[in-house]
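Peer 1: If you scroll down you'll find the structure; I have some questions about it.
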Amino acid sequence: MVLVIEIIRKHLPRVLKVPATRILLLVLAVIIYGTAGFHFIEGESWTVSLYWTFVTIATVGYGDYSPSTPLGMYFTVTLIVLGIGTFAVAVERLLEFLINREQMKLMGLIDVAKSRHVVICGWSESTLECLRELRGSEVFVLAEDENVRKKVLRSGANFVHGDPTRVSDLEKANVRGARAVIVDLESDSETIHCILGIRKIDESVRIIAEAERYENIEQLRMAGADQVISPFVISGRLMSRSIDDGYEAMFVQDVLAEESTRRMVEVPIPEGSKLEGVSVLDADIHDVTGVIIIGVGRGDELIIDPPRDYSFRAGDIILGIGKPEEIERLKNYISA
């Protein structure tokens, strides 16, 4: 008993600070007031008194009860006033809570409770392209800048206010429950700090990082990034290879373009697939589905243009190019 009293004494002040708790206690007090009043003034049972209290507070007025004493009439009037007043206060507080919560969400001040979402740490023009590609997915951008917040909300994504290099803010974005984390910060040193913070929280979440300088790619990998992309290296090489004809750059841009009729796609081979143990030649994927096979990923290895005698295994990732309907046929063909 002493332990229970001590627990109540310790936690009660904190619980009472919650607006919802105070409203609940106010409603409960009115119900107790009405039930006790009808019981002692009108002489009704506790069950009937509780029922009359709810009917009176709700102003339903079924017509199955009216006070039989003058004191009961006065009491009913006070209960109606208290009931309507309490209901009005409860609705006002509820609306205030919902509005404040929505405002806090827009400001990025609410912790992310989602799972299997994508977290983007930082902001750049690359981020904007990411958001276009991830349209329809649950995406949260973690950044501090007010201008970034406006851009994120305009793009239809969610904003989380915080410093991507701070572990507490990474936890706020719930990187532990994320499907993947994209790190797109201004400098490689910030990117490394961010990756280390993410790995401190979750050792298995997939991290894709952007490298500002080519010589830092290996350091980002050592910090814990699963995939490191250097847009400057890619664009530089494509520009240099476009000097003579430019078809290589044209191919990459067309395949990756948002409005392209053909898309590059990764399709995993599941357990029990009809392609398990089947060679590239016998699978005849292009003739069956229309998808052009560029390569096959197995573990950390990417086999570009796999030989005809290459046998597929469960867990292999087929990298191909095709139209949306061809890609759908490939998925159905693999899972059949």
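Cβ atoms here come from the backbone N, Cα and C positions, even for glycine.
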Peer 1: Which of D184, D226, D244 does Swiss-Prot put in the same Ca(2+) site as E210, E212?
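Peer 2: Candidate in the recorded Ca(2+) site: D184.
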Peer 1: Out of 59-64, 125-130, 143-148, 149-154, which range is noted as intramembrane segment by Swiss-Prot?
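Peer 2: Matching range for intramembrane segment: 59-64.
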Peer 1: Below 8 angstroms Cβ to Cβ, which residues of this chain, lying six or more residues outside the transmembrane segment (21-41), approach it?
Peer 2: 15, 48-50, 52-54, 56-57, 69, 71-72, 75, 79, 82-83, 86, 89-90, 93-94
Peer 1: State the count of C-beta atoms found within 10 angstroms of the C-beta of D184 (Ca(2+) binding site), not counting that atom itself.
Peer 2: 23
Peer 1: Near the Ca(2+) site, what residues other than D184, E210, E212 in the same chain have a C-beta no further than 8 Å from the centroid of the listed C-beta atoms?
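Peer 2: Output for this site, in sequence order: G122, S124, S126, V183, L185, E186, D188, T191, A209, A211, I229, P231.
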Peer 1: Within the same chain, where does the topological domain 'Extracellular' (42-48) have neighbours whose Cβ lies under 8 angstroms from its own Cβ atoms, ignoring anything closer than 6 residues to its ends? I mean 6 or more beyond.
Peer 2: 35, 67-69, 72
Peer 1: In the domain 'RCK N-terminal' (115-230), how many residues does DSSP call helix, how many strand, and how many coil?
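Peer 2: Going by DSSP assignments, the domain 'RCK N-terminal' (115-230) contains 52 helix, 25 strand, 39 coil.
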Peer 1: If you draw a 10 Å sphere around the Cβ of E210 (Ca(2+) binding site), how many other Cβ atoms fall inside it, taking every protein chain shown into account?
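Peer 2: For E210 (Ca(2+) binding site), the count of other Cβ atoms within 10 Å is 23.
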Peer 1: Looking only at the topological domain 'Cytoplasmic' (96-106), report the model's average pLDDT.
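Peer 2: Value for the topological domain 'Cytoplasmic' (96-106), mean pLDDT as a whole number: 69.
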